[in-house]
Amino acid sequence: MAELARDEERDLGTERLVTASADDVERAAEAALRPRRLDEFVGQHVVREQLSLVLEAATSRGAPPDHVLLSGPPGLGKTTLAMIVAAELGSSLRVTSGPAIQHAGDLAAVLSSLEEGEVLFLDEIHRLARPAEELLYVAMEDFRVDVVVGKGAGASAIPLALPPFTVVGATTRAGLLPAPLRDRFGFTGHLDYYSSSELEKVLHRSARLLDVPLAADAAAEIARRSRGTPRIANRLLRRVRDWAQVRGDGRLDLAAARAALEVYEVDPIGLDRLDRAVLDALCRRFGGGPVGLGTLAMTVGEEAETVETVAEPYLVREGYVARTPRGRVATPAAWSHLGLEPPADQPALFRA
Ligand SMILES: Nc1ncnc2c1ncn2[C@@H]1O[C@H](COP(=O)(O)OP(=O)(O)OP(=O)(O)O)[C@@H](O)[C@H]1O
């Protein structure tokens, strides 16, 4: 069920400007903006410092580092960091993902083709099938895969030694990883949402790479609307660039940023049309709630899953909506964002 929700989020999310996930076309556009080395990677100071120690120590020992697990929401830089790990080690990166591996044999084929010191990036590692997961434990710990030959009672396993390599696993749901798999990672880093000033740095760096003039106040405006996520910041930057080229004078200043983001219906705190429709329904139609998810979804003309997986996570994270056992409730921040006064009989939960 959790997986269904995740897929739903991906399918529906790609149509939104403020989604944290990306489709293949966008990933191609992103490639040009990826930091290549650890010192270009903005923010995440703790993970960066810890990872840099792991990598430097391994390099000075002349041996591959411990396996690395990166967890955190989409769009915060897990893939970028995996690429950086390979670059810092001066080795090549092989990329696959949990859903791409249908059978244990697929993973055995990837593992047995690895060369010494290579980095294997396993995205969405929490979605590996159980038999593949078990094969991975052994490969990570003993650098060995057991190749099964024959079928049924006559089947036997032939151990195949692997050269030392490093797995970089990425997951948006570390909690779903079984403990034995989690334990195989010598280093685990959790990526968190970025501050506005970190996102401004990301934006200035991207603007330099795209060769567009980005004013400081425009960068601050875009950063504020980017939901703490570099992927969203870079996407909004590209839309502001479009506006400046077509409707403006090519400069990405504050007026251009505001005008472009108004066209794309991304409001001053990064809410889009659906987010605002949810808040609006909660406050104006249901007096702040509590209201059930199904009713709320029907009111905004969306499926319940869409409201739950696409709009709600950010609204809840930012404190505009609370989920209570009796239903969804608008917080005082939601009322004030809509420019409305909360009614005197607001749920007890939020009365001063
Ligand atoms: N710390 C950072 N500094 C600069 N740019 C960043 C940083 N983190 C991410 N980005 C940019 O954001 C985009 C998305 O990053 P990335 O693909 O690494 O995210 P992800 O966490 O792997 O997402 P997903 O879980 O969807 O695969 C990239 O284009 C990258 O350039």
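From the backbone N, Cα and C atoms, a Cβ is placed for every residue, glycine too.
Any TrEMBL annotation is an automated prediction that lacks curation.
The region 'Large ATPase domain (RuvB-L)' feature in TrEMBL is assigned to 14-194.
Of all Cβ atoms in the protein chains displayed, 24 besides its own lie within 10 Å of the Cβ of Tyr194 (ATP binding site). The ATP binding site feature in TrEMBL is assigned to Leu33, Arg34, Gly75, Lys78, Thr79, Thr80, Glu141, Asp142, Phe143, Arg184, Tyr194, Arg231.
Feature annotation from TrEMBL assigns domain 'AAA+ ATPase' to 64-197.
For the recorded site, Thr79 (ATP binding site), the DSSP three-state label reads helix. Proximity of Thr79 (ATP binding site) to non-local residues of its own chain (separation of 6 or more, Cβ distance below 8 Å) is seen for Phe121, Asp123, Ala170, given in sequence order. Among the features that TrEMBL reports, Mg(2+) binding site is placed at Thr79.
As annotated by TrEMBL, region 'Head domain (RuvB-H)' applies to 268-352. DSSP labels the residues of the region 'Head domain (RuvB-H)' (268-352) in these numbers: 44 helix, 9 strand, 32 coil.
Among the features that TrEMBL reports, DNA binding site is placed at Arg323, Arg328. Other Cβ atoms within 10 Å of the Cβ of Arg323 (DNA binding site) number 14 in total over all chains.
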Which of the binding-site residues Glu141, Arg323, Arg328 have a Cβ less than 6 Å from any atom of ligand 1? none
If you rank the binding-site residues Leu33, Gly75, Glu141, Phe143, Arg328 by how many other Cβ atoms lie within 10 Å of their Cβ, the lowest count goes to Glu141
Would you mind pulling the longest C-alpha to C-alpha span across Leu33, Arg34, Gly75, Lys78, Thr79, Thr80, Glu141, Asp142, Phe143, Arg184, Tyr194, Arg231, which the record has binding ATP, in angstrom? 37
Length of the line joining the Cα atoms of Gly75 (ATP binding site) and Arg328 (DNA binding site), in Å: 27
For Leu33 (ATP binding site), what is the secondary structure by DSSP, using just helix, strand and coil? coil
